[in-house]
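Novice: This is the structure I want to talk about, given as structure tokens.
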Amino acid sequence: MWNSSESLLDGENETSLFPQLISRSLRNAFLMANGSFTLLVALAALPANFLNMLIFWSLGLDSSVNINFFALSAADFSNACMYAFIAVIWLDMSEIIQLPLDLTNLQYLSGPLIICMSTYGSWLTAVTSTERCFSVRFPLKVKHIFSRKVTSGLIASMLVVQVIIMITSLALVRWRVTALPGSERSKVILDTSDAERDVYITLLFWGSSLPASICFCVIVMSTVFLAMTLRQRERWLQTLPGQRNESVERNKRLAATVVAISAIYITCLLPGVAIVGVFTMIPNLDILNIQNEHMSLVLISFVSIFQTVSLMANIFIYYSMNSRYKQCFKRMFCFACNKIRTRNHHE
């Protein structure tokens with residue numbers, strides 16, 4: 001916990017002093033199941049997003065779309081690392097494994113990292129979907145509006161903002177390792193004053209959570225617009241005689257890729273949005289109330305499942321809907337197989 005006056009208490013014992021809506025045994029069962037699934041998907045997302053970065057780098061960062069997809073893969077890679085770390089903590093809390101050090105409280109310290117990188121990912125998705133909308137609405141002007149320089153500036157500026165918020169938020173929280181009486185393991189203790197905590201919450205809300213909410217609304221509206229436009233264009237193309245233009249087909253596939261990525265983003269983010277809405281509308285369900293700690297942790301673990309699935313899903317969209325990505329993927333796969341075959345032959 002973050003209360004300095006109770007910082008020497010074991011987190012489990014401190015929580016047990018207050019009646020909980022969910023028992024500790026039930027909480028542990030959920031953390032074990034959700035933590036195991038989150039860890040598996042997060043670990044799978046690491047090589048998937050690294051491969052995405054490698055492929056888009058090989059394809060060349062000479063277009064705004066490739067730049068966006070590369071940056072989005074990097075953000076997803078970072079979030080996958082954090083979710084894997086938190087999942088290990090949950091497995092330790094559920095007593096399925098035992099770490100040499102009690103890291104329970106570090107899940108709160110990792111919050112700014114996930115929030116800031118998720119906001120950055122939301123920004124990238126919003127920029128990509130907006131760029132596709134401009135491409136549909138103003139096809140002759142889109143390359144001047146969303147040039148490589150403009151796209152790089154948008155990506156870099158938001159990254160700088162989120163890194164500053166991340167560093168500032170982490171600087172407001174002090175932590176130390178303390179040996180607890182009656183416990184075999186030392187425990188990481190977080191310590192911050194009420195004023196610092198208020199600044200921490202305010203900074204994350206106005207600097208990350210609010211921009212992420214705005215990006216979510218932009219993504220929803222742009223995805224609906226693109227989906228409707230794709231259907232209308234498909235009907236229009238069916239009325240045209242002769243062979244379809246290759247450029248039109250390429251733009252259509254790209255728009256469909258953006259729609260699919262945005263749809264997965266929206267679907268996987270909706271559970272978290274719904275939970276925040278429930279806690280906001282019902283005053284008795286204060287997420288910071290220690291009596292709701294078990295329930296809050298269980299709900300967060302469910303939301304993390306959707307988030308990690310979102311981190312993993314993009315590679316399948318790229319492969320199935322982007323022909324250049326698929327060709328580069330196959331070349332890399334064949335190159336790796338030949339390398340392994342040659343090495344085994346020499347041995």
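Just so you know, glycine gets a Cβ as well, placed from its N, Cα and C.
Remember, TrEMBL labels are computer predictions, not curated facts.
According to TrEMBL:
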DOMAIN    48-318  domain 'G-protein coupled receptors family 1 profile'
TRANSMEM  37-57  transmembrane segment
TRANSMEM  69-91  transmembrane segment
TRANSMEM  111-129  transmembrane segment
TRANSMEM  150-173  transmembrane segment
TRANSMEM  203-228  transmembrane segment
TRANSMEM  254-282  transmembrane segment
TRANSMEM  294-321  transmembrane segment
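Help me understand the surroundings of these features in the structure.
Specialist: Counting residues 6+ beyond its ends, the transmembrane segment (37-57) has Cβ neighbours under 8 Å at 66, 69-70, 73-74, 76-77, 80-81, 83-84, 86-88, 90-91, 301, 304-305, 308-309, 311-312, 314-315, 318, 325, 328-329, 332 in the same chain.
Packing against the transmembrane segment (111-129) from elsewhere in the chain are residues 65, 68-69, 71-72, 75-76, 78-79, 82-83, 86, 151, 154-155, 158-159, 162-163, 165-166, 169-170, 204, 208-209, 211-212, 215-216, 218-219, 222-223, 226, 258-259, 261-262, 265, 307: each is 6 or more residues past its ends and has a CB under 8 Å from a CB in it.
Same-chain neighbours of the transmembrane segment (150-173): 2, 64, 67-68, 71, 109, 112-113, 116-117, 119-120, 123-124, 127, 131, 190-192, 196-197, 199-200, 203-204, 207-208, counting only residues six or more beyond its ends whose CB sits under 8 Å from a CB of the stretch.
Away from its own ends, the transmembrane segment (203-228) comes close to residues 111-112, 115-116, 118-119, 122-123, 125-126, 129-130, 132-133, 136, 161-162, 165, 168-169, 172, 255, 258-259, 262-263, 265-266, 269, 273 of its chain (Cβ-Cβ under 8 Å, at least six residues beyond either end).
Proximity of distant same-chain residues to the transmembrane segment (254-282), defined by a Cβ-Cβ separation under 8 Å and at least 6 residues beyond the stretch ends, is recorded for 65, 72, 122, 125, 128-129, 132, 135-136, 216, 219-220, 222-223, 226-227, 229-230, 299, 302-303, 306-307, 309-310, 313-314, 317-318, 321-322.
Listed by sequence, the residues of this chain that lie at least six past the ends of the transmembrane segment (294-321) yet keep a Cβ under 8 A from its Cβ atoms are 15, 20-24, 26-27, 30-31, 34-35, 37-38, 41-42, 44-45, 48-49, 51-52, 55, 69, 72-73, 76, 79-80, 83, 86-87, 90, 118, 253, 256-257, 260-261, 264-265, 267-269, 271-272, 275, 287, 329.
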